Every structure is written in structure tokens, then in C-alpha cells.
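Feature annotation from TrEMBL assigns transmembrane segment to A:37-53, A:109-128, A:134-150, A:157-181, A:201-227, A:272-293, A:313-331, A:352-370, A:442-460, A:466-488, A:588-608, A:620-638 (among others). The feature domain 'ABC transmembrane type-1' is assigned by TrEMBL to A:153-332, A:462-642.
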Amino acid sequence: MTATVPPPPVLQPGGRVLAAASDTVVPARRGRFRTRTVAAAMVVATVVAYLLFRTDGAADSSDAAAFRFFDSVRDWVDANRDTSPFFLYGLNYVRLGVRLLVDAVQAALTGLGFAGLVAAVAAIGTVLAGWRTGLLALGGFLAFGVLGLWEQSVDTLVLTVSAVLLSVLIGVPLGIFAARVRWVGATLRPVLDVMQIMPTFAYLAPMTLLFLIGEPAAVIATMIYAVPATIRITALGISEVSPTAVEAATALGSTRWQLLSKVRLPLARTTIALAVNQTIMLALSMVVITALIDAPGLGQNIVNALQRVNVGAAFDAGLAIVILAVVLDRITTNAARRTGVHRSRRQRQARWIFVGAGVVVVAAAALVSIDPENVPGYSFAAPVNDLVGWIELHWYDVTEGLKNGISAGVLDPLETVLVTTPWWLFVVAVAAFGTLISGWRAALIAALAAAGLAGLGLWQHSMQTLATVLVAIVLTMAIGVALGVFCARHDRLATGVRPLLDAAQTMPSFVYLLPAVALFGASRFTAIVAAVIFAVPPVVRLVERGLRDVPPTVVEAALSAGSTPRQLLWKVQLPMARGGLLLAANQGIVMVLAMVVVGGLVGAGALGYDVVAGFSQRELFGKGLAAGLAIVLLGILLDRLTQGFHTSKGPRR
Amino acid sequence: MTPMIAVADLWKVFGARADRIVGTPLAELSPAELRGRTGCVAAVRDVSFDVRPGEVFVVMGLSGSGKSTLVRCLTRLIEPTSGEISIGGESVRAMGPKRLRELRRRQVAMVFQHFGLLPHRQVLDNVAYGLEIQGVPRAERHRRASETLALVGLEGQERQFPDQLSGGMQQRVGLARALATDPEVLLFDEPFSALDPLIRRDMQDEVRRLHAEVGKTLVFITHDLAEALTLGDRIAVLRDGELVQVGTPEELVGAPADSYVADFVRDVPRSDVLTLRWIMRDPAPGELCETEPLSHRTVIRDAVHRVLRADRPIPVVDGHEQLGVIDADQLLPALISHHRQVPA
Amino acid sequence: MRTLRTAAAAALIVSLTACGGATSGAGEDEPSAGAKGTVNLAINPWVGYEANAAVIAYLLEKKMGYTVEKKELKEEIAWQGFETGEVDTIVENWGHPDLKKTYIEDKKVAVEVGPTGNQGVIGWYVPQWMVDKYPDITDWKNLNKYADLFKTSESKGKGQFLAGDPSFVTNDEALVTNLKLHYTVVYSGSEAAIIKAAQQAAAQTKPLLFYFYEPQWLFAKEKYVRVKLPEYKDGCDADPKKVACDYPDYVLDKIASKKFADGNSTAYQLVKNFKWTNDDQNLVSDYITNQGMSDEQAAEKWVNEHEATWKPWIPAGS
Ligand SMILES: Nc1ncnc2c1ncn2[C@@H]1O[C@H](COP(=O)(O)OP(=O)(O)OP(=O)(O)O)[C@@H](O)[C@H]1O
Ligand SMILES: [Mg+2]
């Protein structure tokens with residue numbers, strides 16, 4: 001039995017596909033000196049311009065043209081939802097179709113009953129991914145019963161499965177097209193870029209506008225969130241198929257369809273399985289957030305806990321989410337790994353016997369009716385709440401001091417500077433520095449996004465959000481790089497930390513708010529803390545990988561030249577891992593933005609608050625939608641500026 | 001006899017607006033100039049040749065000289081820019097997609113340098129692939145695939161996956177796959193350059209044996225001169241996309257068309273390739289000769305023994321006609337004139 | 001249930017295609033009229049609401065045999081649920097004349113079902129110790145004088161006014177602007193967060209000016225004093241951007257979806273008959289918040305002890 005697993009593509013959490021980080025960056029040697037002088041001159045010019053032209057940072061009006069426009073859109077939709085053909089024959093059918101899908105999945109899963117579903121998942125795990133995974137699945141699903149969260153977990157699973165089915169149905173064909181038809185790929189790329197930087201929060205309001213609240217809107221929102229990963233990774237898999245194999249098959253007279261079905265798809269199947277895996281992970285984290293628009297499931301428990309500041313209750317639900325994520329992840333990654341493994345005829349026969357046995361067991365279990373409520377239960381709520389209470393009591397001065405220190409010492413001054421910068425100066429600065437860092441193309445897009453923020457009438461809130469994001473990203477990078485370096489140097493530590501990072505990355509952003517709220521109350525700092533917790537794990541990973549990718553021969557050479565470990569790190573490893581670091585910064589910044597915005601739920605204010613208020617107060621709807629758009633623009637701005645780190649500095653032709 | 005493959009005035013230009021170059025003064029430019037002026041690469045320039053049925057036709061040239069491009073143009077895996085190709089008397093460029101597929105399915109098969117096997121299929125199904133896409137029923141195609149596998153010496157390996165085989169065995173699978181559809185023409189694009197020398201020699205023997213057994217027309221691409229000389233009935237030499245010389249191995253070695261070809265063949269032991277007609281001289285008037293003549297087709301090396309033992313020059317004949325005579329004076333320079341490469 | 005629904009929805013698609021177009025409510029649950037079906041109960045994010053819902057849900061499930069589905073929704077979103085069929089009833093509504101106009105008058109998807117018996121008060125509050133120390137703080141005109149006391153990390157150099165969930169009925173930002181107060185409105189995000197801050201303010205004598213409301217169990221435990229804002233007059237809050245007066249008193253009421261009401265099931269009648277006092281609600285809220293009881297346990301305890309109150313709500317013949 002030999003594995004032919006191709007090296008997995010480099011995936012960022014969020015399913016972005018990147019070229020290997022290590023070879024994307026070639027430090028620019030020539031012109032470094034000139035660049036430095038130009039940069040210094042630009043900094044001076046910006047400071048002078050700021051001092052000359054700074055404004056008093058007036059609050060945003062509550063009545064900008066953009067808000068009124070969105071309000072009028074809302075009014076039109078409300079008035080025409082049941083009359084306009086666009087809805088009657090279009091969106092309402094979409095809604096109805098998705099509703100049917102959800103109901104069908106729900107009927108299938110709940111029809112099995114507690115014992116049946118547990119057995120089914122265990123059987124699927126065993127057949128697809130081996131008995132270890134099957135056992136994990138068994139234990140995991142039983143745990144939902146033990147935690148007393150069976151129904152909610154199943155609801156979450158139903159929505160996830162529905163959204164994943166839709167994503168695969170839409171994403172895989174699109175991915176194939178994107179890889180095979182040049183203009184489709186070229187058109188999709190920027191669209192997918194934007195979809196992937198879009199913080200989850202930003203699309204809830206438009207979804208309710210088009211599809212109302214409830215499961216269909218939730219599933220569609222989730223699908224939109226997850227499908228870019230499906231498309232991207234599928235396209236990657238298809239375009240990576242060995243051209244010789246394709247040529248050989250063509251030379252034998254295959255039709256296009258035969259090439260696709262007999263060569264391209266089979267050769268890309270491991271990568272496509274990976275695409276499904278990523279899609280599931282993303283869908284799961286989004287489904288939880290859609291509780292805000294009335295999706296059932298574990299998200300409801302989290303929202304509820306958030307409203308009651310009940311960390312313990314959220315802990316149970318969060319644990320259930322992590323378990324669900326781990327089970328689904330293990331099943332799909334192991335299944336993906338196994339697609340590349342050849343089985344002998346015997347093994348294949350054994351597998352069919354397995355499948356048969358599984359079906360029998362599941363059928364038998366489905367007939368057994370066990371009420372999950374009768375499973376002996378255990379909740380972590382009480383001990384966790386006790387712990388939180390203890391920390392609140394004993395660490396109050398520390399937490400309060402930290403919060404006030406960072407807020408007054410860093411956040412407020414930065415916010416003041418940004419808010420009092422005239423919008424045109426900001427746009428010019430973005431354009432100028434952007435050109436320097438990322439090339440004029442990226443800078444142009446970033447500058448347009450910056451101008452858009454002003455145009456939306458949300459300047460102050462955008463700058464406040466930006467300030468919070470910047471502080472959070474600095475903290476994230478500081479902590480992430482330190483931990484990453486540590487992990488790269490201590491193998492034991494790295495293996496110990498890895499499962500923690502895994503779990504952390506499968507957790508929906510939402511869950512991180514709770515401990516932060518419990519410790520720091522309602523404040524921007526809470527959002528910063530949550531964002532840091534959320535974004536540090538991927539940063540640690542990327543940094544660690546970047547460092548480990550430094551060729552051992554180089555390290556050896558440096559050591560033999562007599563470098564101390566410290567010199568090795570600062571003079572060799574970190575500079576050479578620059579690609580990984582910059583990638584981590586880009587990735588971190590996008591995640592931090594997403595989380596800071598969600599922080600609007602817990603007093604972080606600014607754009608996040610506008611979005612929340614927008615879908616909870618009628619007269620604020622337009623502003624909320626505009627804020628959603630502003631968040632997207634902010635995301636594009638930050639992403640373009642930092643993406644340049646690892647694309648524009650590559651070797652130029 | 002009509003040629004199996006006839007290529008006339010074939011051009012392949014890569015790059016934007018490639019079709020605007022052939023037939024204009026641009027076509028006369030050197031490769032470097034052409035690239036500078038238009039950004040285009042002329043991989044195949046104005047190539048014409050015929051391949052006779054049953055012949056082994058070798059195309060040789062340095063890396064980047066356009067060999068792969070040329071051979072792919074034959075079945076339009078790469079679309080030619082201009083020129084004419086006919087296979088079995090039928091114009092390939094005039095074929096519609098359907099007819100072209102038929103050509104690829106039944107008449108012409110190809111073997112690739114990097115094998116191009118399908119890693120997810122067992123050896124048997126790899127070999128049966130061509131039959132499968134023609135719609136041959138499963139049992140039938142498996143039977144024929146097994147037969148072909150036996151032909152290339154891979155009995156018993158049917159259930160293996162390609163990555164469980166060595167490189168040489170993988171290329172045998174590639175060969176079997178090409179043979180399975182029983183095509184008239186086989187195209188080989190440097191099939192053995194990824195293999196190590198011993199296996200390469202085995203595989204060359206294999207090809208020769210198969211050629212003798214099944215009698216197909218072979219177009220064989222290589223950059224290895226020794227391979228070209230052992231396999232080729234005729235050899236075409238490509239440089240920068242242009243055909244420099246087409247001829248038998250002997251013609252190439254004995255009368256290289258230019259310094260490029262001469263450089264190529266410089267290291268060839270001439271006595272292994274050249275026949276006596278390349279070194280014989282006219283008999284001096286009244287000269288006494290041995291009675292037993294040598295055929296003019298005798299390779300020099302094989303004549304050494306007799307010539308050096310003989311006291312007098314030996315006549316060289318074509319049938320009954322005497323063409324010339326040979327003695328040690330002609331033979332010795334031919335034996336020592338080639339420059340052996342100094343081992344690195 | 002679900003399978004039935006799927007089949008019904010499939011049939012619906014066919015019939016809709018025949019007669020042209022799908023409306024937004026297509027494919028949703030039919031109202032649980034007649035048979036003992038499911039009641040979809042919206043749960044708005046404050047504990048008083050939860051108390052109402054807990055008791056109603058308990059009675060529906062345990063005494064009348066319905067299934068209750070609780071949906072954690074913010075107020076506006078719950079109203080949208082009337083349109084989609086996701087929500088049958090809201091059991092504590094605070095005013096919302098604009099929503100009533102949209103969903104009751106214009107779209108005709110909801111109806112009023114009468115008061116809950118609770119009196120709603122919204123206002124600005126400070127803890128008792130501040131009044132003892134600064135007696136004139138209860139007049140809004142003096143608030144600017146004390147703004148420095150209320151500074152926090154979030155208030156941008158001004159005083160902090162702590163508000164609750166962004167979805168609550170509020171005029172605070174307009175009030176701060178229009179009364180020219182040197183305060184910043186900071187949203188804590190939830191009722192629980194305000195309560196926590198209020199408790200800390202009382203226990204640790206920390207200054208706090210905050211948005212609060214009755215009925216509210218906390219008033220039974222701690223004393224907080226309402227700050228007098230310019231008096232409410234009819235219509236002074238007509239334009240939400242120009243409000244410069246105090247909040248009115250609210251008569252809290254119940255809303256149901258039109259379908260639910262038209263079905264006139266016993267469940268609907270129970271909701272209609274439901275009526276209790278602020279004390280009742282505070283009691284149940286206290287059970288939920290402070291006695292560590294689940295909604296169901298709290299409702300059970302209250303129901304066991306107050307049979308006389310709820311007996312008349314149960315419709316005859318159920
Ligand atoms: N798809 C293509 N686009 C542009 N240029 C190409 C393309 N394919 C080949 N070329 C160019 O055409 C020329 C001939 O390439 P070709 O692959 O035919 O050479 P070759 O003789 O097969 O070389 P090798 O021995 O390395 O396989 C080269 O200069 C190559 O760069
Ligand atoms: Mg080649």
C-alpha cells in the first residue's frame with residue numbers, strides 16, 4: 001500500500017490558497033537605500049500635512065446620503081417582496097428551495113434518532129477514515145447528549161450539512177470552470193478575494209433583507225461565506241493535475257468530457273476532498289453566527305450566554321462546537337488522505353463488508369429509541385463560572401489596569417490622530433505608502449476603498465475601528481511571532497501546542513468574545529483581546545512554518561560560522577522567514593478585522609455597533625448596511641496594503 | 001510507395017499573433033531577433049520530411065530545438081501555425097475534431113518522456129484506457145490489455161499501481177498503453193531519457209524487438225546520438241526549429257551537412273558506423289588485389305581483421321561491380337580519427 | 001412533522017409554479033390552529049421578557065400539551081418573524097409604534113393581543129450612594145458638572161453613559177446631543193452587562209450613569225435613583241433625532257402573528273388572557289437570574305405558588 005498523496009496546497013484558515021510562502025519573497029536589494037529615503041520623506045510630509053490640516057474629528061452624521069439610499073432600498077424591498085417578479089420568481093424560490101433542502105436534511109438526520117445518528121456518524125467515520133476516527137466520532141456525538149445539547153448540535157449539523165451541500169454543488173463546478181476557462185478564472189478571482197476578506201458580520205443584514213430571517217437566510221449566508229474556499233481549492237486541484245497525464249490521455253483520443261471525468265477529476269480528488277474539508281470548517285463557524293438571524297442550533301446558546309454574560313453556559317456550547325468541528329475535520333481529512341491510497345482487492349472487499357455491517361448497525365440503532373435527555377449529563381457551566389468569578393474578584397485590578405493603560409496610552413491617541421486626519425490626506429497617504437509597499441495597483445484599490453469610507457459618511461467610525469484593528473494586530477503579531485519562534489525551536493512544545501491551535505482555529509469567532517467580556521467588561525479592549533485570541537493561532541502557525549522552512553544547510557552554515565542561537569534567529573532565520581511573517585501579518589489583519597467588528601456586540605462600538613444596531617433597529621437599517629459596506633472597504637484596504645508584502649516584492653519579470 | 005507521414009513546410013510559432021509571422025520578412029529573422037521584435041518563438045520552422053511505412057524515423061536535436069513541438073504537431077496536440085501534414089495519405093490539418101479523435105484513437109499513439117500514466121488506475125486499466133474511451137467492453141479490453149502487457153514483458157503486474165513500479169517498468173506500461181490500440185504509427189518523445197543507462201539499453205532492445213515483431217512505423221525523438229544511431233533507419237537533425245539534415249546514420253557521420261551536425265557526430269566512433277565505401281580508394285592501374293572481395297556495406301570495424309591480415313589491397317564490390325579497393329592505409333586513419341571524450 | 005412539512009412544501013412549489021411566483025412566506029409552517037401543534041415564541045434579550053415567556057411556555061407545554069419553540073431574537077427581528085412565519089407571538093412589547101405601523105397596519109401580518117399588565121418605565125439612573133453624596137445629581141441640568149466622575153477608558157475624555165443592547169428602545173444618543181451633555185454613550189451590549197455594572201457601582205461605590213428600566217428584579221435588591229430629564233409630553237419623541245425629553249411610560253403589550261390570531265387556538269387564547277404584575281415578573285426574573293434556576297424550573301415554582309393568578313388564563317375546554 002503506497003500513498004500518492006500530493007503535497008497539500010498551502011491553505012490559510014479561511015481557505016485562501018497561497019503559493020508556498022518561502023519562495024514568494026525575494027528581498028529587494030537594489031534601491032533599498034532610495035526606498036528608505038523616499039519613505040522617510042513621505043512620513044515627514046504626512047506628519048506636516050496632518051499638523052496643517054487636521055480636523056476636529058466631527059461625529060458622523062446620522063443621516064448621510066448612503067444611509068438614506070439603503071433605507072430606500074429596504075423600503076422598496078419591503079413593499080415589493082410579494083409583488084415584484086424579481087422576488088416572486090427569483091429570490092423567493094431560492095428561499096423555498098433552500099428551505100426544502102434544510103427540511104430534507106433535517107428529516108434525514110432527526111429521523112435516525114439519537115442512537116441511529118450516533119451510530120451512523122461512527123459508521124461513516126470508520127468506513128471513510130478508519131476505526132480510530134469512527135471511535136472519535138462515536139465519543140464526540142455521545143458527548144452532545146452528555147452536555148445536554150443534543151438537539152442544538154443536530155440543528156447546527158443540519159445547517160452545516162445543507163450549506164456544505166450547496167457549496168459543493170455550486171463550488172466544485174465553478175472551480176473546474178475557473179481552472180479550465182481563463183476568463184472565468186480571471187473574473188472570479190477578485191470576487192472571491194472580496195468575499196474572503198468580508199467579515200462574517202457584514203453579510204447578515206443584506207441576507208435578511210433579501211431572504212428574511214430563518215434557516216434559508218442562514219444557509220445562504222453560510223454558503224456565501226464558505227463557497228470561495230470550495231471554488232479556490234477545487235480550481236487549484238484541477239490546475240495542478242499533471243499535464244503529461246492529460247496530454248497522454250488526449251493523445252489517445254479522449255473527448256473533453258472523458259478528460260474531465262477520467263483524468264482531471266480523479267487526479268484532483270484528494271485536493272477536492274480537502275476543499276470539502278475546508279468548506280465544512282468555514283461553514284461551521286459561520287452557521288453559529290447566523291444565530292443572530294434566527295438560525296437554530298448551538299449559536300443560539302452562545303448568543304444567549306453572551307446576553308446573560310454567562311461564560312459557563314457558553315463554554316458548554318463552545319465545547320460542543322469544537323467537538324463537532326473536530327469530528328467533521330478528522331473524518332474529512334482522513335478520508336481525503338485515504339483517497340490517495342491504493343487498496344488491494346482484499347481491502348476493498350473488506351470495505352464493502354464494513355459498509356454492509358455499518359448499514360445494519362445504523363438501521364438497528366435507528367430502531368432503538370433512546371431519548372438523549374436520559375443520557376447522564378454533565379455541564380461545565382458551574383465550575384467555569386466559579387473560575388470566572390474568582391478571576392474577576394482577584395484579578396480585577398490587573399485586568400482593569402491593563403484595559404485602562406492600553407486604552408488611554410495607545411488606543412485613544414491613535415484613534416484621535418486617525419479621526420482628526422482629513423479624509424483626503426488619509427487617501428493620499430494610503431495611495432503613497434501603498435505604492436511604496438505593494439505597488440501602484442494595490443495602492444490604487446486601497447486608496448479607492450479609503451475614499452469610499454468617506455463617501456459612505458462613516459469616517460469617524462471607520463477610523464475608530466481602524467485604530468482598534470491596528471492596536472490588535474500589533475499585539476497579535478508580537479505574541480504570535482514570539483510563540484511561533486518558540487514553537488519552531490522546541491519540537492516538544494510544538495507537538496504539544498498543535499492540537500490546541502487546531503481546536504482554536506475551528507472555534508467560531510463568536511465564542512472568543514465571552515471570556516474577554518467576562519474579564520474586561522464592555523469595551524474596545526475586550527474586542528482587542530478577543531481578536532488577539534482569535535488571530536494568534538494562525539499567526540503562530542505561519543511563523544513557525546516560515547522558520548522551519550529555512551533550509552537546514554543555511555542554518556548549518558551559520559552555526560559553523562559561530563553564530564549564537566540569538567544571532568542565528570535575528571540574522572538568519574527571521575530575515576529568511578520574512579515571507580512567512582508577512583503572510584502571517586496579512587492573514588492576521590483580516591482575522592483581526594473580522595473579530596473587532598463582532599466586538600460591536602460587546603461595547604467595542606464604531607462600525608461593528610452600527611451593523612448590530614442596523615439589523616436590530618429599523619431606523620438604523622441604512623446606516624447598518626452602510627457600515628457593513630464600510631467594513632468590507634476597510635478589509636479591502638488593509639488586505640491590499642499588506643498583500644503587497646508578499647506579492648509585489650517577488651521577482652519582477 | 002506513398003509515405004506514411006508526410007510533412008511539408010511546417011511552422012509552429014508560439015506567442016501572441018503567431019499567425020502574422022509566417023510568410024513575412026519576419027520569418028527570416030534569427031530566433032533571438034524574432035523574440036526581440038515580436039516576443040514570439042518559432043519552435044518549428046519550415047520543416048519538411050517524409051516517413052516511409054515501417055521505417056524508424058529518429059528526430060534529434062539539442063534541448064529546445066523544437067523536437068517535442070514537432071512531434072506534437074503531427075497529431076495536433078499542438079496546433080501547427082502553417083504547413084501541411086498528412087498521415088496515411090489524409091491531411092491532418094483538414095480533420096474535424098471528431099476525425100482527429102479517431103486518428104488519435106486508432107492510427108497514431110504516443111509514448112511520453114514522463115510516462116503520463118494515470119496514478120489512480122491499476123496498470124491494466126492504464127493500458128486499457130485507450131480502448132475504454134473507444135467504448136470497447138470491459139472484458140474485451142482487459143483481455144487485449146493483458147496481451148499487450150505480456151508483449152512488453154509485464155505479465156503478472158496487472159494489479160499494481162504505477163507508483164509501485166520502477167521507472168523502466170512504468171515506461172513499459174506507457175509503451176503497452178500505446179500498443180494496446182494497435183496503431184499504425186507510434187510516436188516516442190524522448191521515452192527513455194528519464195531512465196538510467198542500463199535500463200535504457202534494455203528498453204532500446206525492447207523497441208527494436210517490437211519493431212521487428214509488429215512492424216509499425218516509428219517516429220522517435222531523442223537527444224541521445226547513440227540511441228539515434230542504434231534505432232534509426234533515418235535520422236533528422238533539428239536546430240532552432242530548422243531541419244539541418246535528414247539521412248541514414250552513415251550519411252550523418254560520413255557527410256555531416258554543417259558544423260552543427262559535425263559537432264554532434266564528432267564523438268561517434270566512425271569505424272562503428274561508416275561502411276567501406278566511405279574510405280575506399282580507386283585501385284591504382286595494374287594493382288594486384290586479393291581475390292576475396294568485401295561488400296561495400298561492410299562496417300569498417302568488421303573489416304579490420306581481414307584488411308590488416310591481407311598482404312594486398314582488398315577489392316570493395318557492390319554485387320559483381322568493383323567500386324574500389326581498401327588497404328591498411330585507408331583503414332588506420334578511420335580507426336583512430338575519432339576523438340574519444342576524456343572521462344570527466 | 002418535518003417530513004410532512006417537506007412534502008407540503010414540495011406540493012406548494014408545484015402549486016405555486018402553476019399560479020405564478022412564490023411569496024415570501026411560502027413553505028413556512030402553517031399556523032398551529034386547532035390541533036395541539038407547535039407555538040413559536042420569540043425570546044427578546046432581557047430577563048423580564050424571559051420570565052413572561054417562561055411562564056407562558058410552561059403553561060402551554062405542561063398544562064395544555066403544546067410544543068413550544070423558543071427563538072432568541074432581538075425585537076425588530078422577532079417582528080420580521082411574523083412575516084416569515086418564524087414567530088407566532090411576542091409576549092412583552094415595548095411600544096414600537098413604527099413596527100406596529102409596518103407590520104400591523106401596512107403588511108397586516110400581526111395583531112395586538114392586549115397588555116401584559118406590566119408597566120414599563122425607561123430612564124437614566126444613578127446608584128443611591130451618588131445621590132447621598134451629590135444630592136443635585138438627579139437633575140439633568142447638573143449632569144455636566146459631574147461628567148468627570150463618569151470618565152472611563154471608553155468615554156473619550158467625557159463622562160460615560162452606559163447603555164444596554166443596541167436593539168433596545170433608546171433615545172440616549174439624541175438626548176446627549178440635544179441636551180448638550182458632555183457624555184459619550186457606550187453600549188454594554190446586553191442587559192446582563194448593565195446589571196453587572198450597576199451591581200458593581202452599588203457595591204464598590206463607583207460612579208455610574210446608566211440606562212435602565214422597570215420591571216426589573218434588581219430594584220428589589222439595590223436602590224437606584226432616576227435622573228430627571230425634561231418632562232415627557234405627547235409627541236416630543238416623534239422625531240427620533242430631535243428628542244430632548246424623558247422616556248414616556250409604557251404599557252407593555254403582546255403581539256401575535258395574524259395567522260396565529262386567526263387560528264384562535266387555545267394557545268392563542270392563553271397568550272391573550274395572560275396578564276400579571278411587575279412583582280410577579282420580578283419574582284420569576286429573580287428566580288432565573290439569582291437562584292440559579294432554569295427558565296422551566298422558575299416557571300414551575302411560580303406556577304405552583306400562584307395558581308389563583310394563572311388559573312383564569314387557561315381557556316375553557318382545554
Ligand atoms: N507552449 C509554449 N509556449 C511558448 N514557447 C514554447 C512552448 N512550448 C515550447 N516552446 C518553446 O519552443 C522551443 C522548442 O521547445 P521544445 O519543447 O519543442 O524543445 P525540445 O527540443 O523538445 O527540447 P527538450 O529536449 O528540452 O525537450 C523552445 O524554445 C521552447 O521554449
Ligand atoms: Mg522535449
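Just so it is clear, glycine is given a Cβ too, placed from its N, Cα and C backbone atoms.
Listed stretches A:134-150, A:272-293, A:620-638 were compared with the transmembrane segment (A:157-181); the greatest number of C-beta pairs under 8 angstroms is found for A:272-293. The transmembrane segment (A:201-227) makes contact with the transmembrane segment (A:272-293): 3 or more of their CB pairs lie within 8 A, with pairs spaced 6 or more apart in sequence. Long-range Cβ contacts of the transmembrane segment (A:466-488) within its own chain (Cβ-Cβ under 8 Å, at least 6 residues beyond either end) map to 406, 410-411, 414-415, 418-419, 494, 497, 524, 527-528, 531-532, 535-536, 539-544, 546-548, 569, 573-574, 581, 584-585, 588-589, 592-593, 595-596, 599, 604, 606, 634, 638. Between the transmembrane segment (A:134-150) and the transmembrane segment (A:313-331), the number of CB pairs under 8 angstroms, six or more residues apart, is three or more, so the stretches are in contact.
Away from its own ends, the transmembrane segment (A:272-293) comes close to residues 8-9, 11, 13-15, 156, 159-160, 163-164, 167-168, 171-172, 175, 200-201, 204, 207-208, 213-214, 217-218, 221-223, 225-227, 229-230, 232-234, 237, 265, 299-300, 302-303, 321, 324-325, 328-329, 332-333, 335-336, 339, 505-511, 598, 615 of its chain (Cβ-Cβ under 8 Å, at least six residues beyond either end). Among residues of the same chain six or more beyond the transmembrane segment (A:352-370), those with a C-beta under 8 A of the stretch's C-beta atoms are 111-116, 118-120, 123-124, 126-127. Between the transmembrane segment (A:109-128) and the transmembrane segment (A:313-331), three or more CB pairs separated by 6 or more residues in sequence fall under 8 Å, so the two stretches touch. Long-range neighbours of the transmembrane segment (A:313-331) within the same chain, counting only residues 6 or more positions beyond its ends whose Cβ lies under 8 Å from a Cβ of the stretch, are 121, 124-125, 128-129, 133, 136-137, 140-141, 143-144, 147-149, 152-153, 156-157, 160, 277, 280-281, 284-285, 288, 298, 301-302, 304-306, 379-381, 384, 502-503, 506-508, 511, 514.
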